């Protein structure tokens, strides 16, 4: 038997680094045809619904609200998310990112709910209103930190020292760090969540290879193919009596008629500012929420970097990230005015959807914002989609969060992986980013409070919340180490030179193409 021919010289070359991701069907500035764009926009709307429902479902009952209040809060989050998405895509980073609810704000909100001044309130409805006003006041103060850091350019100066190496743990754990919302969520109703997960993988990855056609169709519209099938299957199980004798928790996760949102939602309702009353202010709660706002700022920075890659744009310049953070702060201010009981940050799952569909078009996400506003006003119709069992969303998250984690790892192409310095910084940042929050979360789960436990709940939150965030811890460790260990000798090892041309907005013409403001606004608001 003849020996295999030796490999050609070019076959032994590593893959060359690429400043823009190849293989994207529609990049940030190239929209698909209108019919396709509308369908893709609707798909983004469906994907962001999971977080939109999960957060109020966890918070509103603790605040004293019932199904009616929960439905109104979901409507309000949807409405404000639509506005914030439009503001971010037109005037912020201009990336195709959905701005939705954020899990990082849940802990300080719960602290407000548990505050002593609300515990004596006997009337649940009154307790709900007073608690909501308390969160509004805290969010108004918290929004200022992002507005100031963003629009003043201070955050831009921080990001100028960011290299591909220090970006890897930050961006990766923005996705991988949400693993608790993946399979653990699927397992809450495995007969519904697992089919969604498997169907989405098979339809988007395997079916096009077997059929030799429809590659774009199955990958691009995978969510719209799989969700109705599994939703119908869950409906059949519900009306067939499969969960008649199941425990209440199982019924909540598996049945399609347990959210209470369809019954609680009005037919038509337009959310308006201060619909719950005038905000109330507490200094301690405001400090805790400001710290949380800063963590959301860091996490969104990682998400913006990941989104720029999947949109097939060049690395987002620091001044553009800073501008986006400023507008995110305005988004949190709008949250506080309308009363969402939550802050705004980049929706990580929708970045994963950019990867699955290979469509990074800005217009698609702007259309999805239109759907958010439309269905928030038509309450009953919007609530119908929110009856999708949450394990179906968890099945999708397994793919989407993995895609975001993967795009973080892809920045290693700019680094020297044969350097011990690279290995230490990357490995140590990843390890601490997982290990430190694990300790804080385990401690909280067992004791009912975090490791920092003083008489001042707000002070506890200021320490416990940051160190419970995996992207924040990993990003902080990587950033500090990368800028203090052998900095002069390791410029190329850390990939710093690759991003030189993107550190200033005007150095590369592509930055203007992808990130310039519409309506010639760059004349009045120049980026540096």
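First residue shown is number 1, and so on along the chain.
Glycine too: its Cβ is placed from the backbone N, Cα and C atoms.
Annotation comment: TrEMBL describes 38-61 (among others) as transmembrane segment. With a cut-off of 8 Å between Cβ atoms, the residues of this chain six or more beyond the transmembrane segment (38-61) that come close are 32, 69-70, 73-74, 77-78, 81, 98, 100-101, 103, 106, 109-110, 113, 128, 220-221, 223-224, 227, 259, 261, 341-342, 347, 349-350, 353, 357, 359, 361, 364-368, 370-372, 375, 385-386, 388, 390, 393-394, 396-397, 400.
The transmembrane segment feature in TrEMBL is assigned to 73-91 (among others). Taking Cβ pairs closer than 8 Å, the transmembrane segment (73-91) reaches residues 48, 52-53, 55-56, 59-60, 65, 97-101, 261, 265, 269-271, 275, 323-324, 327-328, 330-331, 334-335, 338-342, 344, 362, 365-366, 368-373, 375-377, 379, 382-383, 386, 517-518, 521 in its own chain, all 6 or more past its ends.
The transmembrane segment annotation in TrEMBL covers 97-116 (among others). Remote same-chain residues near the transmembrane segment (97-116) are listed as 44, 48, 51-52, 55, 58-59, 62-63, 77, 81, 84-85, 87-89, 131, 134-135, 138, 178, 181, 282, 285, 288-289, 292, 295-296, 299, 303-304, 307, 328, 331, 340-347, 350-351, 365, 368-369, 457-458, 460-461, 464-465, 468-469 (criterion: CB distance under 8 Å, separation of at least six residues from the stretch ends).
Outside the transmembrane segment (137-155), and at least 6 residues removed from its termini, the chain residues within Cβ reach (under 8 Å) are 108, 112, 279-282, 285-286, 288-290, 292-294, 296-297, 301, 318-319, 321-333, 335-337, 343, 528. Among the features that TrEMBL reports, transmembrane segment is placed at 137-155 (among others).
The transmembrane segment annotation in TrEMBL covers 186-207 (among others).
Residues or ranges marked as transmembrane segment in TrEMBL: 219-243 (among others).
Taken from TrEMBL, the feature transmembrane segment covers 364-386 (among others).
Annotation source TrEMBL lists transmembrane segment at 392-412 (among others).
Long-range contacts of the transmembrane segment (424-440) within the same chain: residues 165-166, 168-169, 172-173, 177, 412, 415, 450-451, 464, 467-471, 473-475, 477-478, 481-482, 485, 494, each at least 6 residues beyond the stretch ends and with a Cβ under 8 Å from a Cβ of the stretch. According to TrEMBL, the feature transmembrane segment maps to 424-440 (among others).
Nonlocal intrachain contacts for the transmembrane segment (186-207), taken as residues 6+ away from its ends with a CB within less than 8 angstroms of a stretch CB, comprise 214, 218-219, 222-223, 225-227, 229-230, 233-234, 237, 249-250, 253-254, 356, 389-392, 394-396, 398-399.
Beyond the transmembrane segment (392-412), the same-chain residues lying 6 or more positions past its ends with a Cβ under 8 Å from any Cβ of the stretch are 21, 47, 49-50, 54, 164-165, 167-176, 178-179, 181-186, 188, 192-197, 200-201, 204, 223, 227, 230-231, 234, 302-303, 306, 309-310, 348-353, 355-356, 426, 495. The list of residues near the transmembrane segment (219-243) in space but at least 6 beyond its ends in sequence, with Cβ under 8 angstroms from a Cβ of it, reads 25, 39-40, 42-43, 46-47, 191-192, 195-196, 199-200, 203-205, 208, 250-251, 254-257, 353, 356-359, 388-389, 392, 395-396.
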